[in-house]
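Scroll down for the structure; my scribbles are underneath it.
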Amino acid sequence: MGESQRFQLGTVGALSLSVVSSVSIVICNKALISSLGFSFATTLTSWHLLVTFCSLHVALWMKLFEHKPFDARAVMGFGILNGTSIGLLNLSLGFNSVGFYQMTKLAIIPCTVLLETVFFRKRFSRSIQLSLSILLLGVGIATVTDLQLNALGSVLSLLAVITTCIAQIMTNNIQKKFKVSSTQLLYQSCPYQAMTLFIAGPFLDWLLTKQNVFAFKYTSEVLVFIVLSCLISVSVNFSTFLVIGKTSPVTYQVLGHLKTCLVLAFGYVLLHDPFSWRNILGILIALIGMVLYSYYCSREGQQKPSEVSAQMAQAKESETDPLIGVENGAGILTDAVVAKAPAWNSNKDLQA
């Protein structure tokens with residue numbers, strides 16, 4: 001099996017793991033919050049991260065992966081930013097209507113595209129832009145209902161979108177810059193994420209629910225669901241870093257909207273949630289957008305290696321053929337030899 005085939009297989013596995021684990025934890029948390037009354041989402045997330053770190057520490061002790069320390073300030077900043085984005089998303093849900101919160105989640109994709117275009121010179125083809133637009137339209141039809149605006153909620157939503165986009169872009173860039181795996185990055189950043197949410201969680205949950213997480217009556221059933229949620233979260237957190245590292249922040253957001261559609265469908269089938277023609281239409285449009293996005297990404301991914309090979313071959317010919325070398329501006333000067341970079345090095349898309 002070639003390297004490209006192994007990479008594709010690993011990517012498919014990461015995407016599948018992310019979908020299955022995320023849908024599972026949403027259903028588990030929905031039962032925990034709606035049925036059992038445990039509505040302390042931010043504190044629960046801090047426990048998720050703490051259990052994830054302990055699980056990774058055991059895996060490290062068993063030598064299942066290698067610890068690779070790198071820039072401590074980058075790890076700390078990334079971990080705190082990631083924890084902050086989670087807290088802001090929870091606050092956004094608490095201070096806004098469900099419809100406006102869904103609009104906030106939809107805004108993450110265009111914001112990510114904008115940030116990567118402006119700061120990283122990444123180019124998105126019109127085909128990709130069209131497929132993303134169809135996807136967002138479908139998810140919007142399926143999930144967005146009421147849109148009630150308020151000043152505080154709007155500010156919190158804006159901050160949540162910005163911090164989430166930056167954190168996901170950093171996840172991808174840190175893995176590539178420092179050549180660390182998703183497991184290594186998650187292991188080093190987990191303590192900072194958990195600490196941020198562990199400190200802020202009880203206050204944020206009290207602000208949203210007017211209840212004290214420490215005064216809650218923990219029955220055996222509640223404890224079972226909390227433990228189950230924490231165990232599933234290990235897979236969720238790992239697959240999140242794995243997907244972003246192997247693909248891109250935009251692809252991860254597309255996958256997130258697929259999870260939303262699946263959660264709606266599972267909620268209707270398993271929990272008998274209300275479902276309407278609008279939900280069905282929105283999910284179908286979103287699925288069309290996802291299929292188109294996958295198709296265009298796959299097609300463009302296959303085109304890039306062939307373009308690189310052709311440009312490298314052209315560069316080699318220019319080294320051996322003096323006429324071609326002069327035409328490309330890479331001729332030998334009389335007094336000094338100036339080595340000019342090959343033409344494909346200037347394509348920033350290929351360096352990403």
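Cβ atoms are placed via backbone N, Cα and C, with glycine included.
Here is what TrEMBL says about this protein:
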TRANSMEM  12-33  transmembrane segment
DOMAIN    21-294  domain 'Sugar phosphate transporter'
TRANSMEM  45-62  transmembrane segment
TRANSMEM  74-93  transmembrane segment
TRANSMEM  99-120  transmembrane segment
TRANSMEM  127-145  transmembrane segment
TRANSMEM  151-173  transmembrane segment
TRANSMEM  185-204  transmembrane segment
TRANSMEM  224-245  transmembrane segment
TRANSMEM  252-271  transmembrane segment
TRANSMEM  277-296  transmembrane segment
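Counting Cβ pairs under 8 Å to the transmembrane segment (99-120), the stretch among 45-62, 127-145, 151-173, 277-296 with the most such contacts is 151-173. Put simply, of 151-173, 185-204, 224-245, the stretch with the most CB pairs closer than 8 A to the transmembrane segment (45-62) is 185-204.
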